[in-house]
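> From TrEMBL, for reference:
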type	residues	note
COMPBIAS	194-214	compositional bias 'Basic and acidic residues'
COMPBIAS	215-224	compositional bias 'Acidic residues'
REGION	185-228	region 'Disordered'
TRANSMEM	29-49	transmembrane segment
TRANSMEM	61-82	transmembrane segment
TRANSMEM	102-123	transmembrane segment
TRANSMEM	296-318	transmembrane segment
TRANSMEM	338-357	transmembrane segment
TRANSMEM	369-388	transmembrane segment
Amino acid sequence: MSASMATASCTDDAADECRDDVAALRLKLVAIATILVAGVTGVAIPLVGRKRRFLRTDGGLFVVAKAFAAGVILATGFVHMLHDAQSALTNPCLPESPWRRFPFSGFVAMMAALGTLVVDFVGTQFYERKHRKEAIGVKAATAAAVTATTAAEEGITVISVSPEPEEAADNVKSPMHIVGMHAHAAAHRHSHPHEHGACDGRARRESGPGHAHEEEDEDEDEGGGEVSSHVRHVVVSQILELGIVSHSVIIGLSLGVSRSPCTIRPLVAALSFHQFFEGFALGGCISQAQFRNLSAALMAGFFAITTPTGIGIGAGVASFYNGNSPRALVVEGILDSISAGILVYMALVDLIAADFLSRRMSCNVRLQVASYMALFLGACSMSALAIWA
């Protein structure tokens, strides 16, 4: 008898007392509009406000708001996505072996985080090489132009000799190595600001001409650091969008296939809150990456429509979709686990650590306190929403 009841619960979800298809459809339309507005608003604020003084990406208000958004994303990964994955992969509708004999949700999340690390590393290396080659080309062209101008002024004929391919490769190696050293030095200095006197840079500038060479070295290091920082922002924005979009589709489908207004109502408020701050974090990363307007608009628009699209697809298949079928549970659990791993990695490594271990944060106690408070507040607020959704 218990086996037949379990089978019925896995094949038929029509026993929900709160089921109302008409009311549920109405709420889904409201959810699509509300979540779309929340996502567009969240991602647009950093992009539109990057030229406004109080919303610039180098302003304190932006850093604090980004810390709050990072806390929201971290809680989404740990409290919401990982828990949902665990619930799906240990559902009684799945066979006991292997799903309840091994913690697949944690394992898949761990592998997703490690995979994100590899993608992060490879992407950073690729973009750094690209930027270094472009920088070397610009320097070579500038040097050639200066040489030609000087020679013309002095009446000297300059004969340019093209080096052999092997010799050219050797010549390129040195400047690339120098740029890499500068980027590494800048990153190292950002990680250990007090060892290098980063907070008293202004005092060294005012100490007299005897420190001119230190300023020049610092400017060169910062030049390499700017290239490395720009590359990181490009890679981070793309990987963060991948992680956010992947789980946005899942939560959109979950809401769309629900036929219970009692389930949908709290989800609308929770997902709107979640979508707004995820959009803010993503918009901030896109703004810091300095994409062209078209590319930034495409990335922002793709993020904004993902959850509403998932809701629409879910509403379309709700009449014949069975969320308790083994195939649906496995797919949902695996995708939730992957999303959790990506979000946790991105929140801890590329959002929290990148800002909280920076030189700017270390040199500003007020900013530290405000950012930590915003981080914990964001994480706790998003975690509290798990009570209702």
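Even glycines carry a Cβ here, placed using N, Cα and C.
Neighbours and distances for these, please.
With a threshold of 8 Å between CB atoms, the same-chain residues lying at least 6 positions outside the transmembrane segment (102-123) that come near it are 82, 85-86, 88-89, 235-236, 238-239, 243, 333-334, 336-342, 344-346, 349-350.
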> Given pairs 6 or more apart, does the transmembrane segment (369-388) have at least three Cβ pairs under 8 Å with the transmembrane segment (61-82)?
yes
> Would you mind listing the long-range same-chain contacts of the transmembrane segment (61-82), meaning Cβ under 8 Å and 6+ residues beyond its ends?
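The answer is 46, 54-55, 105-106, 109, 244, 247, 273-274, 277-278, 280-281, 284, 336-337, 339-344, 346-348, 351-352, 355-356, 360-361, 367, 370-372, 374-383, 385-386.
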